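Engineer: Got these off TrEMBL a minute ago, pasting:
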- His121: active site, proton acceptor (ACT_SITE)
- Cys129, Cys132, Cys149, Cys152: Zn(2+) binding site (BINDING)
- 1-239: domain 'Deacetylase sirtuin-type' (DOMAIN)
Amino acid sequence: MSKQYKELKQLIDDAKHICFFTGAGMSTESGIPDFRSQNGLYRQNKSFVDIVAADFYEQYPHEFWPLFKEIFHIKMLHQYKANTGHRFIAELEEAKTVHVITQNIDGLHQDAGSTNVFEIHGSIKRAHCPSCKEEYGLAYLNQSALPQCTACERLLKPNVVLFGDAIHQFDEAVTAALSSDLFIVLGSSLEVAPINQIPLLVSRYNRTNMVMINKEPTHYDYLFDLVIYDSIGQVVANL
Ligand code: NAD
């Protein structure tokens, strides 16, 4: 085992409360493209930011839904399964307090068994009625091109945080990050604000050990005590 992996293993063994902060790179090994890599969703869909937007949903809800479903491959979502990285995090709950702050909307941390997950950008697997707030799952969303509330007949709104919407559970996520004794980022370019401010807050106000695991460098690597440029699957295999 290399020096870096020995150090990571020691940090994990010693920690009592680990806060993981995960991005789209967490799920690429489950087959879901990330956002900014070569085959990422953003590069495949030049109009991504215009479509996945609260304004667009408000003004053109009938145009919004088919495009939204196409971009996120909604019909195929049930095929994506949690990978070894998701399971590694979930299994740590047997011995430690574990929180997961995720930018992902795919629900794979919960599928793997993690119980303390903050879905900052919401979930692709649910939608709700803007009037009565009734929630609907993926099976219902796949039944029709334009999913409506069965009670109000309003067109549903995805539980994904659209550009222009407020993010979810930011306070709770910051509290978990600041009370952890080990903070680990996995598979995120840290390009998306305001969530990318959480590592800065940890560095400034918690000053606990911070680890970055990503395939490529990010602008914030200087904040971290240990930086490993590798795939998450490889890191877990080495541990
Ligand atoms: P990003 O695409 O900006 O960055 C992903 C990073 O992960 C990249 O730097 C890439 O090099 C790295 N990476 C890819 N595969 C990896 C692997 N196997 N091991 C280690 N590193 C790997 O993603 P982001 O920072 O999460 O920001 C993108 C935004 O898009 C987020 O807000 C997220 O909500 C959304 N998104 C979510 C999903 C999902 O739910 N699975 C997928 C795509 C985008």
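Just so it is clear, glycine is given a Cβ too, placed from its N, Cα and C backbone atoms.
Computed from a predicted structure; not experimentally measured.
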Engineer: Of all the binding-site residues given, Cys129, Cys152, which has the fewest Cβ neighbours within 10 Å once its own Cβ is left out?
Structural biologist: Cys152
Engineer: Return the count of C-beta atoms lying within 10 angstroms of the C-beta of Cys132 (Zn(2+) binding site), excluding that atom itself.
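Structural biologist: So the Cβ neighbour count for Cys132 (Zn(2+) binding site) comes to 11.
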Engineer: C-alpha of Cys129 (Zn(2+) binding site) to C-alpha of His121 (active site, proton acceptor): distance in Å?
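Structural biologist: The separation of the Cα atoms works out to 18 Å.
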Engineer: Name them in sequence order: residues not among Cys129, Cys132, Cys149, Cys152 whose Cβ is within 8 Å of the mean position of the Cβ atoms defining the Zn(2+) site.
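Structural biologist: Here the non-site neighbours turn out to be Pro130, Ser131, Lys133, Glu134, Thr150, Ala151, Glu153, Arg154, Leu156.
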Engineer: Measure the Cβ-based neighbour count of the residue listed as 'active site, proton acceptor', defined as the other Cβ atoms within 10 Å of its Cβ.
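Structural biologist: That number is 19.
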Engineer: Do you know which of the recorded positions His121, Cys132, Cys149, Cys152 end up with C-beta under 6 Å from ligand 1?
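Structural biologist: His121, in sequence order.
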Engineer: If you measure the residue listed as 'active site, proton acceptor' to Cys149 (Zn(2+) binding site) at Cα, how many Å is it?
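Structural biologist: Each residue's Cα considered, the residue listed as 'active site, proton acceptor' and Cys149 (Zn(2+) binding site) end up 22 Å apart.
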Engineer: Looking at Cβ-Cβ distances, which residues of the chain lie under 8 angstroms from Cys149 (Zn(2+) binding site) while being 6 or more apart from it?
Structural biologist: Cys129, Ser131, Cys132, Glu134, Tyr136, Leu155, Leu156
